[in-house]
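Among the features that TrEMBL reports, domain 'Ammonium transporter AmtB-like' is placed at 23-445. Annotated transmembrane segment per TrEMBL: 23-44, 56-78, 132-151, 163-184, 196-214, 226-246, 252-276, 288-307, 313-334, 346-368, 398-419, in sequence order.
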Amino acid sequence: MAGAYNATLTKVPEWLNKGDNGWQLTAATLVGLQSMPGLVILYASIVKKKWAVNSAFMALYAFAAVLLCWVLLCYKMAFGDELLPFWGRGGPAFDQGYLKDRATIPSTVKKFGNGTIEREATTPLFPMATLVYFQFTFAAITTILVAGSVLGRMNIKAWMAFVPLWLIFSYTVGAYSIWGGGFLYHWGVIDYSGGYVIHLSSGVAGFVAAYWVGPRPQADRERFPPNNVLLMLAGAGLLWMGWSGFNGGAPYAANLTSSIAVLNTNLSAATSLLVWTTLDVIFFGKPSVIGAIQGMVTGLAGVTPGAGLIQTWAAIIIGIFSGSVPWASMMILHKKSRLLQQVDDTLAVFYTHAVAGILGGTMTGLFAHPDLCELSLPNPTNGAFYGGNGGKQLLKQWAGAAFIAVWNLVSTTLILLAIKMFIPLRMAEEELGIGDDAAHGEEAYALWGDGEKFDATRHATQMQQFERDQEAAHPSYVHGARGVTIVL
């Protein structure tokens, strides 16, 4: 502490607001915790036991790979100077002079036709290093969400190639277009904190990836129980609590909008969870933990496009629709559509993120309050519910969603087809039958000895004698799995 306030040090810049900087770093850490360890734990526990390690590793790898790509090239592609109306000019973001300067998003400046400045660029009151890291956590979680659609069969080497390519050619386009000063930003499409940039893009990309990678083995599609429900809840809890940083950090300041956003976020999640659970009880006779988690996620994704721009009663309405519309699309529409049934979306990312993201963007176009929009948007507007230009805003929301969906459809397809030329997208059938041990040489749980896997050849003599003794003593003795004996 004495060193930080030493009088001989360089003067603290006048533009630095330590409160805003502290909150932004906290928000970034909360969003980072959603992925690492939140989604790592959730993915590892929500899948069949034989895929626990592989699922966790896909999330872990993506988190690390995205960070390196982000500072080497992708941050400036998403938030740098304009290269194209939908893409920034890429470049490294690791020079200390650049990172110490005041954060700025240069392409957000608005000019008149004669070239004079109408509105200055967005310049938060903290260093560029804070903004680079905050936006990285969003890029990382988006990529990890895509993985949820292809768990349980995608070749890990193909995934390792997919992550940087998808970040470069898909995510940065959506981020620049809507947040970084691209054409959708200046046109006035509202995406407060990622309903389109994150949830719609990951849902569509995941669905497309699931199509090209192919389905899981039939046995896995028919029965894919979670291997640890309690850990699944722990991962989901990190995801929910981390969303306060997700939507609370979007204004780039610890201000009125961030407070409203945090309250609305949690209220929508709670409402959606309760609605989804209620529908499960009505139609299936009992509540389920997986259903409750899916309802939580749809409520969080649904409120994200307008979390700081809507009144709290509107957050409850969004929660109600987020808990029912994705539920109906998953439980009813999916079963009636031959196309949807052909695509094996492992964790239903399309329904919980893409459907919820479009729904939230539409509801934002209806309920965005003019006073709240004025607090944080560069182009003050309002939803259709409040009259004025609200009808046009709703149309802009749909047009923005269409662009993000189509771009992800095309870019994800081209990326996977390019990878397929060199690396198989799907594991071999033999590996699919084994799981983690074939893909990584590791397993999540040891069922023989202290961390030792059961080796039938090594223990054959002992086991044969043991089985003879058991059969003599217990006629009902049956063989168990992987070294575990069961006496009925």
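The backbone N, Cα and C atoms fix where each Cβ goes, glycine too.
As the structure is a computational prediction, the values presented were derived from the model and not from experiment.
With pairs at least 6 apart in sequence, the transmembrane segment (23-44) and the transmembrane segment (252-276) have 3 or more Cβ pairs within the 8 Å limit; the two touch. Listed as Cβ neighbours of the transmembrane segment (346-368) (distance under 8 Å, sequence separation of 6 or more from its ends, same chain) are residues 43, 46-47, 145-146, 148-152, 190-192, 195-196, 198-200, 202-204, 206-207, 210, 216, 224, 294, 297-299, 301-306, 309-311, 314, 317-318, 321-322, 325-326, 329-330, 334, 381-386, 390, 393-398, 400-401, 405. Taken together, the residues of the domain 'Ammonium transporter AmtB-like' (23-445) have an average pLDDT of 93.
Nonlocal intrachain contacts for the transmembrane segment (313-334), taken as residues 6+ away from its ends with a CB within less than 8 angstroms of a stretch CB, comprise 263-265, 267-276, 279, 283, 294-295, 298-299, 301-303, 306-307, 340-341, 348, 351-352, 355-356, 359-360, 363, 367, 369. Counting only same-chain residues 6+ beyond the ends of the transmembrane segment (132-151), those with a CB under 8 A from a CB of the stretch are 24-25, 27-28, 31-32, 34-36, 39, 43, 47, 51, 54-55, 58-59, 62-63, 66-67, 70-71, 74-75, 78-79, 93, 99, 159, 163, 166-167, 171, 175, 194, 197-199, 201-203, 205-207, 209-210, 213, 246, 249, 345-347, 349-350, 353.
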